[in-house]
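S.K.: Quick one: the structure is below, and I'll ask about it shortly.
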Amino acid sequence: MLTFTIRRLLLAIPTLLFISLVIFLLLELAPGDPMAQVPLTVPPEVKERMREALGLGEPVHVRFWKWLVQFFWVEPLHLIDNLFGTALAEGQQRVISWQSRSPVMDIVAQRIPQTLWVVGVAYIVAILIAIPIGVYSAYRQYSWFDQAGTFITMVGFSVPPFFSGVLVIVIFSVNLGWFPSIYDTTHEVNDWDSFVVQLKQMIMPVMVLALQITSQISRFMRASMLDNLGQDYVRTARAKGMTERVVVLLHVLRNSMIPVVTVIALGIPAIFGGAIITEQVFKVNGIGQLLITAIQANDLPMVQTLTFIFAVLIVLFNLIADVLYGILDPRIRYD
Amino acid sequence: MTDRDDVPVEPANNPAGAGAAPALDPATEYRPPRNQWWDVWDQFKTHKGALVGAAVFILIVVAVFLGPYLWTIDPTYIDIRAKNQGPSLAHPLGTDQLGRDTLSRMLSGGRVSIAVGLTAMLLSIGIGTLIGVIAGYFRRLDGPLMRLTDLFLALPILPLLLVAVLLFRDMLSAAFGPEGGVFVLIVSLIGITSWMQTARIVRGDVLALKEREFVLAGRSIGTPSRRMITRHILPNVLSPIMVSATLGIATAIITESALSFLGFGFPPDFPTWGRLLFDSVDRMQLYPERVIWPGLAISLTVLSVNYIGDGLRDALDPRIRGR
């Protein structure tokens, strides 16, 4: 298991390098010019020097290498500096945003809590809803609950978040006026009333995200439970005289959770991607919204870094899912 | 030999004809040979959701492709005096802020959305099948192609799509015109980034098929690889390809609408469902129905396609069929 994990970790390095190269080369083709906003009265040679100051004068491979060094060496050092108060990265060039002229990672660090808060809560809510639905649907297969559950999950699976989000805004904030349509990230929770306000503004984005995740996970949960309910060990457990609750919730549920746990792990990066749309609908200023504004403003270092963070998340969670599967299922051995 | 000539024709004319033959001769229980697609259809019919989904999808496709011939108002015609109207006989779904007829915009928007969905699906299925078959059939290419698939699976699709649309939009607009360029761009981007699942499924099936006797028999009489693939392998992997094709339509439509919704899709005077939704979000407080129509159209199309996929998966699975 350990060798497998190490091998997968080593294999992740060329994958990430390839992805960073793809992203870098794609952005290399970008038609935009960071000097487009500079007044025409600035002479061309000054513009040229400004461009060089942004690090644009050098050939492609040199810039790619510099970006790699900045991303994988300088930024982690900076993180250590911030955490432990050391001065390892003193005076080293960081990845700078062209929009705000401040380090990209600082802006990302400001934005990530909002995204994590909304996405994370949505994911937990979705899992908590999905698993009981899946278990009960499978246990009472073809009952009215199962039929309704299958239909609702199919709808939740098919309705895109940019429609369900807009729909709940129309219903609950325009018509009923229960919840605010815009997520206010400057809001601070310090007493009960502000907590209620926070709860109110979180309900809609969280539920929209959760609807989609719930649909996927509960479908998986149901299928996996159905696979296991027909197994011999279930009959054995019943024949031993165990109560139905123990059979279903202890024996079957545990075994059915194995594939579901990996699906949950695999879904996390996709949720960050999906959050781009939800953030746009509810005006949450998280990293998805940061990415959209950066693309529109032609802020290449920012786009590069954010896209790469998404890629790292995908590779990381694929790895976690594989390892988890090996740990949870003793039948799987990667040797 | 009239009898033998009749037999294969009869079930094609009469799908329920299978029941007629045993009635003639109940002792031998003779059933005429039957095209397997009739079995698939019989199984598909039992899945109510899939049947309704197919009906709804066909209805939407017909409405969207024939509708503009019946409802002849130009979707780009601006009648500023008739702006922001509610539903009326002249405009059943009302008009938008420039007085353009919402119904005709919905119809022509749907035409683009569904065309994008179908073409992108064809492209992605094409690439996926090609890579899957080659990887499964030629052992030497298996490793590299599957690593390539893994790499593509690790790409953050939505951010890359957004970036790529922005980068290549102007280039392709110059080559194919503003609408054609964006169409080509979005279709090829969706196709290039969504073939991986198909490739993996097809590869797995081809690997299993390669061990079967008929492949061995075919190879032993010297069938060249090209003909092995087209005559013997491809027809046998058709079912997973068909299922991922239906699901591919759904993903392509959602991706296109998501791009349009984020403002990275088709130009504003060229409606698609996603674009109509994006345009009406700003005014949803005053005219919520304008948000509902395109959103409902997208959701209904995707829902019906997903149901068709569900039914097809059951119908094409020989282990489930006939139960």
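The backbone N, Cα and C atoms fix where each Cβ goes, and this holds for glycine too.
Look at TrEMBL and you will find A:112-321 tagged as domain 'ABC transmembrane type-1'. Sequence annotations record features per position, and here TrEMBL assigns transmembrane segment to A:115-139, A:151-175, A:195-215, A:257-277, A:308-328.
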S.K.: Among A:115-139, A:195-215, A:257-277, which stretch has the most Cβ pairs under 8 Å to the transmembrane segment (A:151-175)?
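M.R.: So the stretch in question is A:195-215.
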S.K.: Can you tell me which parts of the same chain pack against the transmembrane segment (A:195-215), counting only residues 6+ beyond its ends and a CB-CB cutoff under 8 A?
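M.R.: Tertiary neighbours of the transmembrane segment (A:195-215) are 117-119, 121-123, 125-127, 129-130, 133, 152-157, 159, 161, 164-165, 168-169, 172-173, 178-184, 187, 189, 267, 271, 274-275, 278-279, 281-282, 284.
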S.K.: What else in the chain is close to the transmembrane segment (A:257-277), if you only count residues 6 or more beyond its ends and a Cβ gap under 8 Å?
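M.R.: Result: 115, 118-119, 122-123, 127, 131, 134, 160-162, 165, 209, 212-213, 216-217, 220-221, 224, 286-289, 291-292, 310, 313-314, 316-318, 320-322, 324-325, 328-329.
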